[in-house]
C-alpha cells in the first residue's frame with residue numbers, strides 16, 4: 001500500500017532516523033488474549049459441571065449433618081419458680097437458691113465426645129461498645145495491667161485496675177450444669193474447650209484475676225484468683241465475642257457414650273440474668289461430625305444450587321432448541337434489523 | 001440558486017452580485033438577500049426530508065455569505081438548513097467564522113462536535129468544538145498545541161474514532177460500573193450486618209481489611225481491564241463502523257445497565273453475608289469449638305474478595321495473561337496479608353482480635369466448603385443473566401464477535417504499517433517526498449497541498465502521480481534540504 005505521501009513524520013524503517021516509538025505488544029495492546037464467547041454450549045456445560053460437582057458435595061454435607069444428634073432444652077422460663085414468674089428480674093437478682101432440675105431424653109445413640117453448650121438468644125455480644133470494651137494487652141501480660149482505657153465503665157475499682165477489665169469479662173456467663181445418667185454422675189471435661197491460639201497467646205500464663213466483680217453491680221460470674229487467665233477456659237470461650245445475637249458457646253465435653261433412651265438429669269444453677277432484656281437460655285448436648293454440628297444449611301445449599309443448575313441446563317437446552325439463533329447471524333445486527341434503529 | 005445533481009441536491013449560497021451604494025444600506029440589502037435564499041433553501045430541504053428515500057442534500061456556502069448568515073437573526077435558519085443536509089461545505093472562511101460555525105452547531109444542535117485541522121487558522125475552531133484534533137506536520141504545531149488529540153496524518157482519524165475512541169468508551173463504562181459494583185457489594189454486606197448488631201454501628205470487618213480492600217485486594221484487575229479491554233479487534237472495528245453507534249446511543253451506560261449492576265451487587269452481598277452467617281452457627285469442626293465475630297467476618301471477606309475478582313474475568317471480552325496474573329495475584333495478596341496480619345501481635349494491640357483467625361479458619365473443612373459454594377453462587381446470577389442477554393438480546397459487537405469467531409488475530413493488518421521493501425515506484429515517490437518542501441506557513445488551507453491528492457488516490461487504491469509542476473518547483477528551491485545531523 002503506497003503510504004509515502006508528502007508527510008514528514010513517517011519514514012521507511014530502512015532509514016536511520018525513525019520517530020516511531022519502540023514496538024512492544026504491551027504498549028500496542030496486542031497481547032495474545034483469550035476471547036471467550038458465551039455460546040449456548042458453554043452455558044449448558046458450565047451448569048452441568050456445577051451440578052455434577054455440587055450435588056455429591058451436598059449429599060456428603062447433608063449426611064454429615066444428619067448424623068449429628070442434638071438435644072436442645074430451653075430452661076430459663078421453667079427454672080423460675082411459679083410464684084416468682086411475675087417478676088423474674090427481681091427473682092434472679094435476689095439471693096434465693098437458684099438450682100433447678102431438668103430431664104433430657106436421648107433420642108438416638110450419641111457417640112463420645114458429646115459436647116455441652118449453652119445457647120443464648122437476644123444477647124448482643126456484637127454490640128459496638130461491648131466488643132471494644134476489653135484490653136488485650138492487659139490479658140496478655142502483667143506489665144500491661146494498667147492499659148484499661150478502652151474498658152470503661154468496668155476499668156477500675158476505687159483506682160485499682162480490674163484484671164480482666166471490660167464489659168465482656170464482667171458479663172461472664174455463670175450458669176453451671178451438673179449432669180448424671182441413671183444416678184451416675186457424668187463428668188464434664190472443661191479442659192480444651194477454647195481455641196489453642198487463644199489459650200496460649202492471647203491470655204497470659206502469669207496474669208491472674210484482680211479486683212474482679214468487686215464493683216457495685218455484679219455482671220456475671222466470678223473468677224478464681226489463683227488460676228492464671230490461660231487456664232480460665234470459660235472466660236476465654238466467653239471472650240471470643242459471637243457474631244450474631246443468637247449464639248452457642250462450648251461449656252464442656254462428655255467423654256462417654258449415651259445410648260438411645262437414656263435419661264439425663266441436669267442439676268443446673270440458674271444464676272445468669274437474661275430476664276432484663278428478654279433473652280433466652282438453652283442447654284444443648286450435641287455430637288459433631290467432621291463438618292461440625294447440626295447445621296443442614298451447607299448441605300441444603302449445595303443440593304439446591306446443584307439442582308437449580310441442572311434444571312437450568314435443561315431449561316436452557318429447551319430454550320435454545322425452541323428459539324434457535326444461528327451463531328453470528330448478521331440479520332441480528334441492529335442496522336440490518338431496523339432501518340436506523342437498534343438498542 | 002439551487003442546482004440538481006444526480007440524485008443529490010446541492011444548495012449553493014454565495015454572493016455574486018455587486019451593489020453600489022451606502023455601506024449600511026448595502027449590508028442591509030445583502031442581509032435580506034441572504035435571508036430570502038436561506039428560507040427558500042430551508043423550505044426546499046424540508047420538503048425533501050419528509051420523503052423517506054429522498055435524495056441526499058448538501059450545502060455549499062462561502063465566507064462572504066456566511067458573514068451575513070451567522071447574524072443572530074439568521075443563524076437559526078442556517079442551522080436548521082445545515083442539519084437537514086448530509087454535508088455542508090463552507091469555503092473561503094476566516095478562522096473566526098470557522099469557530100462561529102462550530103459553536104453554532106455545538107450549542108444549537110446540542111450534539112458532540114469534533115473538529116480537525118492542521119494550521120494556525122484552525123486553532124479557534126479546534127477549541128470551539130467538544131473534541132479538537134490537531135494534525136502535526138506541514139503547517140506547524142499550533143493546531144497540535146491547541147488540540148485535545150494530536151495525530152500525524154489525517155487518515156489516522158478513522159483509527160482514532162472507530163478503534164480507540166470506541167474502545168475508550170467501552171473501557172470507561174466497564175471500569176466505572178465495576179468500581180461502583182465492587183464497593184456496593186462490600187458495603188452492603190456490612191449493611192446487612194447492622195441489622196443484627198442492635199444498630200450499634202459495630203463494624204463487620206477488621207479496620208485494615210476494610211482499608212486495604214480497595215487498595216490492594218481489588219485494585220489491579222480493574223486497571224488491567226481498563227487498559228486491555230477490546231470487544232472486537234481493530235480491523236473489525238474499522239470494517240463495521242456502525243459499531244460506533246453504540247457510543248452515540250450510550251448503550252453501555254444507560255440507567256438500565258446501572259440498575260442491572262446494582263441488583264447484582266445487592267444479590268451478591270446477600271449471598272456472601274447470609275450463606276456464611278447461617279452456616280457458621282454452632283460447631284464448625286469435629287472438636288466442637290465455636291467461631292467468633294472475626295472468624296465469620298474474615299470468611300465473608302475472603303469469599304467477597306474471590307467473587308469480586310473473578311467477576312472481572314466474567315466481564316472481559318478479551319482475557320490476556322495480565323488478567324490472570326492480577327486476579328490470581330490479588331486473591332493471593334489477600335491471603336498473604338491475612339497470614340501475616342493474623343500471625344503477629346502488636347505491642348499496642350489492635351483491639352480487634354483477629355489474631356490467628358485465618359489459621360483457625362483454614363484448619364476446618366467447613367472453610368473450604370464455604371469457599372467453593374459462596375463465590376460460585378454469587379457469580380451464578382451474573383452468569384445466567386449474561387447467557388440469556390447474549391442469546392436473546394445481543395449487542396451488535398457480540399454478533400460481530402460471533403461472525404468472526406474463527407479468525408485468528410491478524411494483528412499485523414491492523415497497523416498503518418510502512419513496508420520495509422520499496423517497489424521502484426515507491427522508491428521514486430519516496431525520493432520525491434524527500435525534496436525540500438514548502439517551508440512557508442502561509443500556504444493557506446489544510447488540504448491545498450499537492451500531497452493530499454495522492455492520499456485520496458491511495459485510499460481508493462489508485463495510483464496518482466506527483467504533479468510535475470510541484471516536483472519541478474521543489475527541485476529548484478534554493479534552500480538546502482535539512483539533513484539530519486549524524487552523531
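Cβ coordinates are placed from backbone N, Cα and C, and glycine is handled just like the others.
As recorded in TrEMBL:
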SIGNAL    B:1-21  signal peptide
BINDING   B:92, B:98, B:121, B:122  ATP binding site
BINDING   B:118, B:122  Mg(2+) binding site
DOMAIN    B:144-394  domain 'P-type ATPase C-terminal'
TRANSMEM  B:175-193  transmembrane segment
TRANSMEM  B:213-232  transmembrane segment
TRANSMEM  B:253-276  transmembrane segment
TRANSMEM  B:291-310  transmembrane segment
TRANSMEM  B:322-344  transmembrane segment
TRANSMEM  B:356-380  transmembrane segment
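If one looks beyond the transmembrane segment (B:356-380) by at least 6 residues along the same chain, the residues whose Cβ comes under 8 Å of a Cβ in the stretch are 267-268, 271-272, 275-276, 279-280, 284-285, 291, 294-295, 298-299, 302-303, 306-307, 310-311, 314, 335, 338-339, 342-343. In this chain, the transmembrane segment (B:213-232) touches the transmembrane segment (B:322-344); three or more CB pairs sit within less than 8 A of each other, excluding pairs fewer than 6 residues apart.
Around residue B:121 (ATP binding site), taking its Cβ as the centre, 20 other Cβ atoms fall within 10 Å, counting all chains. When every Cα pair among B:92, B:98, B:121, B:122 is compared, the largest distance found for this ATP site is 13 Å. On the 0 to 100 pLDDT scale, the domain 'P-type ATPase C-terminal' (B:144-394) averages 92 in the predicted structure. Around residue B:122 (ATP binding site), taking its Cβ as the centre, 26 other Cβ atoms fall within 10 Å, counting all chains.
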